[in-house]
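Undergrad: Structure provided below as structure tokens; questions to follow.
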């Protein structure tokens, strides 16, 4: 019992190997450990400060020696010695005080005497292991910082244009581009009415679209855009009804068409003329915006296709109807902007449809199509791409005068757009060219001054659409000759085109002509039931091994025949005569022409009758062939009836 109360017997414990049972567990006092750590840090910082003071004193003494040669060096030495002795006293007293206390936890480092300044600076940094670094060596972090500073100073290095891929959309202009928010899928639309879907993760190096459709039949595609969640796509075409598709191209809703006989466009349920542009609300995933040649800008709800949500009616300075050619939401979705054919830019509050909040009457030349409006990521600056070959920047708080303007940027398409870079420092747009008159360019401008930083010659056709995705850091370009180009950088860009260029092209499957149709007969008797085919590929491989099914057909035999096979026409005389008769294509329907065909030969080589009558035979005179009367000019009742 005593052993049970007092613990195991020491001898038995030592024999069994449990000698550690008799010891108490070590306890740690956290407060004492924190206090010890604090004291160590205070002492270390005090050493650093004293070392710096010592350096300053030594530097001052050196300056004093050089300036005053008459002063004796003994004073400075005495001062330095006194400082060192004082330091030693302080450190020693600190060590004595600390040794009196009972320490728990990790042991404290023993204080040392005064160090050199170099040693103190080494204490600040982490301890280095190994030989010292060679002179002129730069750490990788320093290189990264230098590269980052260089990129900040040179915005051109931020442009990802070192590599490119080309997607063949068709033969006509690519007038619409759209990327989902994650950057996984690209959609392209063009003047050939087609909308094509491209999946970067599913494509290989052949760069083929996985789906192509014509959602609006025979209407040109004007705009394509994914919603903020990426689950639906807005399709704006040349008709008056916008469509919404899901990610796979199946229709979700179609806007209703308005009554074109009603004068007041507010009272119609939808657009009555061709659409020009459209976009999704950046925050509300069910709402989108469209503008049309009927002079209205309308918002829609995806859950209500029977009627629009609100109507905005742009007006000219005389109060007449102005046709909006482009429209967009602000980044926060509170403002709606429209560029009109009279050259004005009009901005409304989303909740107030009557009066504009900001407007500029002479933003671009009247009568030209303002092809694009886009807000910067900070929501303050508005960029407009005009049909008057200009690109302008506006402060929406002072819309009377542009901040900056860039000119001589040709634009032949009503949907030539512009966009901001992800860091909001660069503005991008494309230029148009006539056929055979040079190359279309993608131009990059510095946002603050609109000075041209850089340009890329894309192709020998116009650059219509451009899109700089913030997550992928890749630039998509739509051209006038049916190409969609993607520019990227292997280091600066993410995913996107980098996923498909590394995949090899899939091998083409062999022709499946050898496979026979499999007839499913579930109720047939076992003796007539065909074995079920496991897969087409396995069946092809099995048929390839079968010498009968894989036998190449023999070519037709030419000549009399060989190898036991009879020739095509046989080898007898009768077959030869029949063959020659079949080849004789002479037409003997006219006997006179058939006889006169031999007249020239009989005259040159007489043989039978002509030599006997050579002296008395008169010269043969044949009647001339009279041309048939032209009966086209005769009336119908006079024409010969056949």
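Any Cβ shown, glycine's included, is placed from N, Cα and C.
Here TrEMBL flags 38-65, 529-554 as compositional bias 'Basic and acidic residues'. Positions annotated as compositional bias 'Low complexity' by TrEMBL: 66-76. Taken from TrEMBL, the feature compositional bias 'Gly residues' applies to 560-570. What TrEMBL lists as region 'Disordered' is 1-21, 38-160, 529-571, 620-642. What TrEMBL lists as repeat 'WD' is 167-199, 268-310, 317-349, 373-404.
Set these features in their place in the structure for me.
TA: Residue counts for the compositional bias 'Basic and acidic residues' (38-65) by DSSP state, with H, G and I taken as helix and E and B as strand, are 28 helix, 0 strand, 0 coil.
Counting residues per DSSP class in helix, strand and coil order gives 10 helix, 0 strand, 16 coil for the compositional bias 'Basic and acidic residues' (529-554).
Remote same-chain partners of the repeat 'WD' (167-199), defined as residues 6 or more beyond its termini with a Cβ less than 8 Å from a stretch Cβ, comprise 207, 209-226, 228-230, 233, 235-236, 247-249, 413, 415, 461-462, 464-467, 469, 471-472, 474, 476, 478-486, 494-496.
Model confidence over the repeat 'WD' (268-310) stands at 91, taken as the mean pLDDT rounded to a whole number.
Counting only same-chain residues 6+ beyond the ends of the repeat 'WD' (317-349), those with a CB under 8 A from a CB of the stretch are 276-284, 289-293, 295-297, 299, 355-379, 382, 384, 386, 394, 396, 399, 414.
For the repeat 'WD' (373-404), the residues of the chain that approach it from at least six positions outside its boundaries are 326-332, 335, 337-339, 343, 345, 347, 358-360, 363-365, 410-411, 414, 416-420, 422, 424, 427, 429, 445, 447-450, judged by C-beta separation under 8 angstroms.
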